[in-house]
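Working notes for the structure below.
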Amino acid sequence: MSAIDKYAVKQFLMSLQDSICQQLEQEDGKAVFVEDAWHREPGERLGGGGRSRVLRDGLVFEQGGVNFSHVEGKEMPASATAHRPELAGRRFEAMGVSLVIHPKNPYVPTSHANVRFFIAEKEGEEPIWWFGGGFDLTPFYPFEEDCQSWHDTAKAICAPFGEDVYAEHKAWCDKYFFLPHRNETRGVGGLFFDDLNHWEFDKCFDYIKAVGEGYCQAYLPIVSRRKDIEYGEREREFQLYRRGRYVEFNLVYDRGTLFGLQSGGRTESILMSMPPLARWEYRYEPEAGTPEAELYERYLKPREW
């Protein structure tokens, strides 16, 4: 069994945050990420700290957040131990990079990515550890070409790790990013995985490296293709309406958000994924035969790519 090196994981995550921020700034051409470094004082429920980076009012990106955090605690919150009683009584560390990018142009999809590592330790016992993460795409005016290239990149990332990895993690993504009260997916999916520890540590670590580094490879070509398409008030209004679904999912269903808030995490960083503007409209129905209707009919349900 390969040795568990949580320090190497932390170094990778911090360098990944740097790399993603640099690539997004280059694509935007104007805005830069502003860093808010934070740490927890001794005696708080959670120790540790992180680097929250936010970009606002760019040429391409209306708002984006790329967050690194490394927190530790003496015991798990009840929300976690209810599902995993073996974690009770163990000190834990959780570290990861999480990001959400909200573009200006409605023809450029919103995107999200996350890679994370968790370890719970108790003296005299083997550590309990796992990796999680993935990336997913939320278009407002989808292009078949973009959705296909997004999933083709995901397939290429997964291929070296096993012939079933893409299919499993793609299906998991479709299931996870689903809004039951709306009976629709949040977007066109991608990859999602959690509790990844059935391979050797080194192989699991290599996989999250590939996913983390693959995010920009998948997303930035789509941004480049769509960022200069002309749009008007109608497209902007629909973009804001669909952003409301993002808010609904994150506040009602997202496990990371719920875990962070319940465990005493840093609220500003946890809610960094929220769009700067969103809107709701009572009983909205897209007009038949419109691009807005096509989103509902063809893209907000699981499909094979």
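In case you wondered, yes, glycine gets a Cβ from its N, Cα and C as well.
Here the structure is a predicted model, which means the values were calculated and not measured.
Swiss-Prot has this to say about the protein:
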- HIS112: active site, proton donor (ACT_SITE)
- SER98, ASN114, VAL115, ARG116, GLY264, GLY265, ARG266: substrate binding site (BINDING)
- HIS102, HIS112, HIS151, HIS181: divalent metal cation binding site (BINDING)
- 246-281: region 'Important for dimerization' (REGION)
- HIS181: site 'Important for dimerization' (SITE)
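Shown on the structure are the features that Swiss-Prot records.
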{"residue": "SER98", "record": "substrate binding site", "Cβ contacts under 8 Å, 6 or more apart": "VAL66, ASN67, SER69, HIS112, ALA113, ASN114, ARG116, GLY256, SER273"}
{"residue": "HIS102", "record": "divalent metal cation binding site", "Cβ contacts under 8 Å, 6 or more apart": "PHE61, GLU62, GLN63, GLY64, THR110, ARG243, PRO275, PRO276"}
{"residue": "VAL115", "record": "substrate binding site", "Cβ contacts under 8 Å, 6 or more apart": "LEU13, LEU16, GLY96, VAL97, PHE131, GLY132, GLY133, ILE208, VAL211, GLY212"}
{"residue": "HIS151", "record": "divalent metal cation binding site", "Cβ contacts under 8 Å, 6 or more apart": "LYS170, VAL188, GLY189, GLY190, TRP305"}
{"residue": "HIS181", "record": "divalent metal cation binding site", "Cβ contacts under 8 Å, 6 or more apart": "GLU248, VAL252"}
{"residue": "ARG266", "record": "substrate binding site", "Cβ contacts under 8 Å, 6 or more apart": "TRP38, ARG40, GLY50, SER52, SER69, GLY260"}
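Under 8 Å from some Cβ of the region 'Important for dimerization' (246-281) lie the Cβ atoms of residues 36, 38, 40, 44-46, 50, 52, 54, 56, 62-63, 65, 67, 69, 71, 73, 76-80, 98, 100, 102, 110, 112, 114, 116, 138, 177, 179, 181-182, 186, 237, 240, all in the same chain and six or more residues away from its ends.
In this structure, HIS181 (divalent metal cation binding site) belongs to neither helix nor strand by DSSP; it is coil. Note: GLY265 (substrate binding site) has non-local neighbours LEU46, SER69, VAL71, PHE259, i.e. same-chain residues 6+ apart with C-beta under 8 A of its own C-beta. In the three-state DSSP classification, HIS112 (active site, proton donor) falls within a strand. Every protein chain considered, the tally of other Cβ atoms within 10 Å of the Cβ of HIS112 (active site, proton donor) stands at 24. Counting every protein chain shown, 14 other Cβ atoms lie within 10 Å of the Cβ of GLY264 (substrate binding site). Just so you know, the Cβ of ASN114 (substrate binding site) picks up 22 other Cβ atoms within 10 Å once every protein chain is counted. The Cβ neighbour count for ARG116 (substrate binding site), using a 10 Å radius over every protein chain in view, is 22.
Confidence annotation: the region 'Important for dimerization' (246-281) carries a mean pLDDT of 90 in the model.
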